[in-house]
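Below is one structure; the comments refer to it alone.
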Amino acid sequence: MPPNPLRIDKDAAAPPAAPSSSRSPASSISPLLPAHLANRTRDNSLDLPHLRRTPDRSELSLDRTIHPRTSSLIRSPASSIRSDTDDAYDGMAALRYADDPDTSDSADLKDVKVSSPTTQHSVDTHDLTTLSYRVDAGSPTPSTTRYANLGMSRPLSFHPNDQKVNPRTVRDPFSLPASLVGSAVSMNASSTPLSESPDFFNNPYSWDTMDGKAEPDDDLHNPDAQTHVKHGWFGGSVGKRGVLNIGVLALLSIGLVLLFGGYPVISYFTRHHESTKGGYNLGGVNASGQIASIPGFRSSLIDPDTPKDAMTRLSPDGSKTMKLVFSDEFNTPGRSFYPGDDPFWEASDLHYWATNNYEWYSPEAVSTSDGSLRITLDQVETNYLNFRGGFLSSWNKFCFTGGYLVASVQLPGAPRVAGLWPAFWTMGNLGRAGYGATTDGTWPYSYTSCDVGTLMNQTDADGQPAAAAIGGDVMWNRKAESTALSFLPGQRLSACTCAGEDHPGPILKDGSFRGRSAPEIDVFEAQVDGTLGLTVSQSMQTAPFNMYYNITNTTGPAYEFFQPQSHLNSYNGQNDQQALSGISLASQLAVQRGGDGSYATYGFEYEPGPNGHIDWESNGRRSWKVNAAALAADPVSQISDRPIPEEPMYIIFNLGISQNFGTPDWRHLRFPATMSVDWVRVYQDPEAENVGCDPPDFPTADYIERHKAAYTNANYTVWGGTAEEGGYGAYWPRNRLYPQGCAAPNSTQPGSPVKPYPQASPVPSSQIAVGQN
């Protein structure tokens, strides 16, 4: 008889058992087993290694749970199969046939029930199902227990005598419990009679509680199915969670950009910077193209060695507290002041011919030691001159406009030995001291008007005003044998300069140029007075001049003295300068020889402009003051008000020797003579800070760059002229007050290029300043 197939019906009733008959070597199982499993012989065993036999052979236990929620237990009258662990294996089907002598080839119907799982997991009651399985009449009853392992990726092992339930934490290399690792065990046909264990596994789909329910990865396995599109932003393709993810990534990206790109930029523009204040050498190349070569030199205008209590200072009149804007303490020994070696200072290498000095100024004579700047004058033949002196300036490196300049100084020589010329002074940046071409027509002007005061000799081409021919009748012009008021070539960069001419600017609203120049203010020039001893001349040099170089007093108090020994200097000017000069007593102890080794402070505070003032200090005490009234207009010489210097001013220290400043006492002079400077500082009103050599209202950098040769070659002695006479050879800017004005031809000579100026008639010196001594 051909074998009857095994059919499993979910709701079929279980008929009584039929007698057994001869069994076919193979059976057909439908629909649970595939053909290659259903056709295997009974001698071949199908591995279901997750089952094991209990000691009394009455039941088989599952070593692995079919599903953690519905670990199905299949129970029959003869035996039961129990799940002991909780690992799920889907797609598994198992059958067991037992030899039973009472059965026949007719179909035996057995009821197979699904009961609660015996695991530690809770089970939802709706996931449990009772199934009835029908065995058709005529199907063979195998004499061996067979297990079908469907859909598993690798075989497992069956251990019939293993009584332990494997702990969940023990895993084999395939993440299986230890009791499942081993070899497959086959059972012979007589080992498991059908009457002892007629159980069948239920449909494997019942083991999966998610059967028929949507799972998160369903769309991956069924891409053709219609997916559920959630409503969201951007046309429903991006949900809130996606927007949040993108937003967080965007914020992180922006944060990284701001951290590494934005923060450096923002911090650069928001943090405090030590400004170069127009000192082009600070942090780079200066305005003359020089580059500092000292490694590690400071880049701050304020010396780090400056004491904290020196960060502010009262003005000389005590009316306001001023803020420190520049300092140099000279504490570093061995500093070099050759060109390019220092960010603030440069020592000149030239002969100061303009004042007939006996020495050659050399950088060798300037150094620092023992916490002070040392400028030495020595009787050492240098470049065919008998002496070598020192000249140190901050030209085009550090400048200031308005404020309080003060230094602690020890004067050279002895208090009562004449002949040395120590000086501490300032000059406008458009004129470089010692470079004659740059001071030609700029020094000592401080003038912003357009009138006869800008013209050569302070007269027009016809020699007017006539008063200018006698306005210089003072004793200091006897050597010139002339009573003319001025021998100056005229203000080269005046307010009368024609449009389009070479001028540093700026251009004012009316289209005219602002008058520019190189005025001079001296903190001191030290000299010996036969009565007082060591004194200092504290002055302002200016041009154009009023009659007889006298301080005018027409609009208010012109000057004040604050010390009993202070008084006006008998020297008030000559045909190349007017001097507003006062004499004050210097410290008799703060000197190189005959003193006590101390230092004394000297300085001035000034406010630039037509309403300004200059207030001097000597030996730490206020000495005298000049007001704007001293520079008022003069109707006789036909000049306008001369403002207190508004140009950016640079600082100069020098020590020389010349007959021009007094006859040297050769018998008592001793060399080397040294002027020492402990420190120098500049203070300004916090509300009027103006530091720099190229301020917007008084620019200098472009003009200096255009004429770099004149500003770096001391052999050029005049602005125009020819090379044979030491001229720089540049055109003088045309002045609209000269004949033909702006239509006049260009000329390298000062004055009118069309109408030559008449020469002043010589006057015997005996007839000049009669009665003056």
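Yeah, the Cβs are placed from backbone N, Cα and C, and that goes for glycine too.
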Residues flagged as region 'Disordered' in TrEMBL, choosing from 98-123, 592-617: 98-123
Region 'Disordered' per TrEMBL, picked from 134-165, 294-325, 550-581, 742-773, is residues 742-773
Can you work out which residues elsewhere in the same chain, 6+ from the ends of the region 'Disordered' (742-773), have a Cβ less than 8 Å from its Cβ atoms? 441, 455-457, 459, 461, 463, 469, 473-475, 477-479, 481-484, 489-490, 492, 498-499, 719-722, 727, 729-732, 734, 736
Whole-number mean pLDDT, the domain 'GH16' (287-688), equals 94
